[in-house]
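> What follows is a single structure, and I will ask about it in a moment.
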C-alpha cells in the first residue's frame, strides 16, 4: 500500500514538475517578448526623432522657397505694372500731340 501511495506521490511530483517546467518556459518566452518589444519601441522612438528633425528641416526649407517665389512674383507684377504704365503714358502723349509722330 505504501508503494501505491508512494507511486501516486511520485506521479503527482512529476506532474507538478512538468507543470512548473511548462510555466517556466512560458515565462521565459514572455520575458523574451517583452525585451523584444522594448527594443522595437526604442527603434520606433529613434525613427520618430529622425522624422521630427527631418520635418522641421522640410518646413524651414519650404518656407524659404515659398518666400523666394513670392518675392519673384511681386517683382514680376511690379515690372508688368511699370511697363503698362509706360505704354499708357506713351499712348496718352501721342493722343494729345505732345509727342509728334
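Positions of Cβ are set from backbone N, Cα and C atoms, glycine also.
Note that the structure is predicted; figures quoted are calculated from it, not measured.
Look at Swiss-Prot and you will find 1 tagged as N-acetylmethionine, backed by similarity to another entry. Per Swiss-Prot, the feature topological domain 'Cytoplasmic' maps to 1-75; the stated evidence is sequence analysis. The phosphoserine annotation in Swiss-Prot covers 5, 18, 55. Annotation comment: Swiss-Prot describes 12-72 as domain 'v-SNARE coiled-coil homology'. Look at Swiss-Prot and you will find 28, 48, 54 tagged as phosphothreonine. For 33, the entry in Swiss-Prot reads site 'Interaction with STX8', with the evidence type similarity to another entry. Positions annotated as transmembrane segment by Swiss-Prot: 76-96. Sequence annotations record features per position, and here Swiss-Prot assigns topological domain 'Vesicular' to 97-101.
How about a rundown of where these features are and what they're close to?
Mean pLDDT for the domain 'v-SNARE coiled-coil homology' (12-72) in this predicted model: 94.
The secondary structure of residue 18 (phosphoserine), as reduced to three states from DSSP, is helical. Around residue 18 (phosphoserine), there are no C-beta neighbours below 8 angstroms that are at least 6 residues distant in the chain.
Neighbour density for residue 28 (phosphothreonine): within 10 A of its CB lie 10 other CB atoms from the protein chains shown.
Spatially close to residue 33 (site 'Interaction with STX8') yet at least six residues away along the chain is no residue at all, judged by Cβ distances under 8 angstroms.
The secondary structure of residue 48 (phosphothreonine), as reduced to three states from DSSP, is helical. In sequence order, no residues are near residue 48 (phosphothreonine), counting only same-chain partners six or more apart with C-beta under 8 A.
Taking a C-beta cut-off of under 8 angstroms and a sequence separation of 6 or more, residue 54 (phosphothreonine) has no same-chain neighbours.
Taken residue by residue with DSSP, residue 55 (phosphoserine) is part of a helix. Sequence-distant contacts of residue 55 (phosphoserine), defined by Cβ-Cβ distance under 8 angstroms and a gap of at least six in the same chain, do not exist.
If you look at the topological domain 'Vesicular' (97-101), the same-chain residues 6 or more away from its ends with a CB under 8 A from one of its CBs are 90.
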> Would you list the DSSP helix, strand and coil counts for the residues of the topological domain 'Cytoplasmic' (1-75)?
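Helix/strand/coil tally for the topological domain 'Cytoplasmic' (1-75): 74 helix, 0 strand, 1 coil.
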> Based on DSSP, tally up the residues of the topological domain 'Vesicular' (97-101) by helix, strand and coil.
0 helix, 0 strand, 5 coil
